[in-house]
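Undergrad: I grabbed these lines from Swiss-Prot:
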DOMAIN    1-224  domain 'Peptidase S1'
DISULFID  7-138  disulfide bond
DISULFID  25-41  disulfide bond
ACT_SITE  40  active site, charge relay system
DISULFID  73-231  disulfide bond
CARBOHYD  78  N-linked glycosylation site
ACT_SITE  85  active site, charge relay system
DISULFID  117-185  disulfide bond
DISULFID  149-164  disulfide bond
DISULFID  175-200  disulfide bond
ACT_SITE  179  active site, charge relay system
């Protein structure tokens, strides 16, 4: 996260750190057995760390899990920058609520442009160098009209199941290593960090976030055991 500060140790009990291959992502615990993240965070040898704050000084209640199952919008794992960048991970065993572990509810209402949104993660804190912090950083950005992202990224289709969020003058943004983490708008879990400008946090180049509300039926279907659930087109 660019332009943020160290998160309060108690404000992110749902935030998970995902390691895969040589990379890291974020993710969100949505109940004791399921994590929601970005499809592009899929990889080999995935590890999911829960109840984390400082990587160097671990919380006593931190837990480590591996995926038992992974679910994508369609079995072919077809996703693009602006479509279906979402993955549900079933943990190999449930986690109990504890001081630093608790799920985040799915949204009960759709996101509204103009909302203030919180981003968080262990991603780089420099837009031009890979400077990964020991603790997660948090920042507040704004939910912008989709057309702002279309102006910045002409390859975006006329409509998509993504949210556009950032600060028009730049300076605050999610960045490399934050992918898969949550976008929390007006207290509701509305987005998943997907992609954005390179370098991060440039003026008029907001980030693109998978719209969680649009995928609720799929998320709830998969969790309920309906593996035929499909994502919206």
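Placement of Cβ uses the backbone N, Cα and C atoms for every residue, glycine included.
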Undergrad: Of 7, 40, 78, 149, which is closest to residue 200 (disulfide bond) if I measure between C-alpha atoms? They're all recorded positions.
TA: 149
Undergrad: If we check Cα distances from residue 7 (disulfide bond), which of the active-site residues 40, 85, 179 wins as closest?
TA: 179
Undergrad: Round to the nearest Å and give the CA-to-CA distance linking residue 85 (active site, charge relay system) with residue 117 (disulfide bond).
TA: 20
Undergrad: Please give me the CB contact count at 10 A for residue 85 (active site, charge relay system), counting all chains in the structure.
TA: 26
Undergrad: From the recorded positions 78, 117, 185, pick the residue whose C-alpha lies nearest to the C-alpha of residue 138 (disulfide bond).
TA: 117
Undergrad: Helix, strand or coil for residue 41 (disulfide bond)? Use DSSP.
TA: helix
Undergrad: Summarise the model's confidence over the domain 'Peptidase S1' (1-224) as a mean pLDDT value.
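TA: Taking every residue of the domain 'Peptidase S1' (1-224) together, the mean pLDDT is 96.
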Undergrad: Taking the Cα of residue 25 (disulfide bond) as the centre, which of the recorded positions listed as 73, 179, 231 lie within 10 Å of it?
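TA: Those close enough are 179.
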Undergrad: Quick one: pull the CA-CA distance for residue 231 (disulfide bond) versus residue 78 (N-linked glycosylation site), whole Å only.
TA: 12
Undergrad: Out of 41, 73, 117, 164, 185, point to the one nearest residue 179 (active site, charge relay system) in space (Cα versus Cα); all of them are disulfide-bonded residues in the record.
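TA: For residue 179 (active site, charge relay system), the closest Cα among 41, 73, 117, 164, 185 is found at 41.
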Undergrad: Round to the nearest Å and give the CA-to-CA distance linking residue 117 (disulfide bond) with residue 73 (disulfide bond).
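TA: The Cα atom of residue 117 (disulfide bond) is 25 Å away from the Cα atom of residue 73 (disulfide bond).
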